[in-house]
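J.: Questions regarding the structure given below will be posed in turn.
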């Protein structure tokens, strides 16, 4: 962390000329709908002497995560997440830019592109209040331009009394500061961005603090990596050391137990598949994110109790090589475990492995047998497939067309309800901030704040996704979430029709929330199930044929 420079008092920061808290409230009420449980999250500090840890200084109980040397910031690729515990599947194809398509969603934070001038105007008002700029420093061009910040950012920076800003940190709202810093990065305003990162944000974030402080630590690292355009910097900052398979599985299990996101995917999809296959004697399931195979233990158990005897079940597991470390071995481990369990339940069972990234799957990788009823499962995996904005091959839509050609009886899709695919950088940052604020709050209520295992789980299973979304572009950005509205359009274009959920499917899914905090909620809307935390939709489950 750099030492703050001394500046003449005449260039002081006019914090009280326009109340800072009022500016933040106006910022948050006009920029976007903050739908996390606390609305405007104010950071309070017990004393100026309290210590705040960045990722560089955090006394983490275990080493951080695996890393690979890379020549560019784009190499900060996401490998593990609470929504994809084994590893993100990505394809390296020709990069192709496209404009953003914003689709509506019941509740999705900043899910559509806001008015650019109004957005920047609010940010500039906040920055002016924080930095104490004189009116002579500002040019009212479209109400949002600062003449001496940007090309002349270095000289402008010299006017900012970062020491005085640091002294007033207890009055600053961390979300607001993160947004101002992200806007500076978006504008290539390097001096201002560095000023906020090195002098202010580094003192406000902590991987062992409250939810917004913990999230802020990872967002800060993403901003630094993007600014430096260097994967080496971010890997050094994150103290990348690959945990053992046992440790990684332990971290994943913690999130699986304390949050309902994966159980929501498993239970809702299983209920749909079981209902669709009620009269079938031979079932084939293609799982494009087989992971540990955990989902199918539940279905095997249900099929074992079917009146008249269980059907035969064949599972094809698609998985790439990145999952080997997390699992401690290849897909044969999953196959052996599922086979043993099915045998104990009296269910005829076969397992076939497709050790290949989902975006590389072609017709020849899938064995289709006459007389089998086919179900295809996409649990938090399609958003890893590069689309038309990344590659002319558009694996996201290509894979959907391939699946449609197999004539499945049902397709289950579970995805994060977030818009980070083709959004411009700043809007993607705000959406990531909003979405993961809700996630970190939902994690926070389930574990004590000083729980070292929870800290490690967040670092190893969540942080890398966040950094990937903020720091990376092109083929290296594999975390590309879309709203249900966009998925509905893609599936419809591939020839699918949405299936309505029955009352039994909804009841089975609702039942799982009994074991979690009362702030989780389940909503049935537009033929899909929405899992939410407070007023923020976090994930959706839908069925297609």
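For all residues, glycine too, the Cβ spot is worked out from N, Cα and C.
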J.: In TrEMBL, which of the ranges 273-277, 278-282, 283-287 has the motif 'VHIID' annotation?
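T.: Of 273-277, 278-282, 283-287, TrEMBL gives motif 'VHIID' for 283-287.
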J.: State the residue range annotated as region 'Disordered' by TrEMBL; the candidates are 44-75, 76-107, 108-139.
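T.: Going through 44-75, 76-107, 108-139 one by one, TrEMBL gives region 'Disordered' for 76-107.
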J.: Would you please say which range out of 333-365, 366-398, 399-431, 432-464 has the annotation region 'Leucine repeat II (LRII)' in TrEMBL?
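T.: Region 'Leucine repeat II (LRII)', as annotated by TrEMBL, spans 333-365.
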J.: Please give the sequence-distant neighbours of the motif 'VHIID' (283-287): residues at least 6 beyond its ends with Cβ less than 8 Å from one of its Cβ atoms.
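T.: Residues 273, 277, 295-296, 299, 303, 311-318, 366, 368-369, 372-377, 379, 403, 406, 408 contact the motif 'VHIID' (283-287) from elsewhere in the chain.
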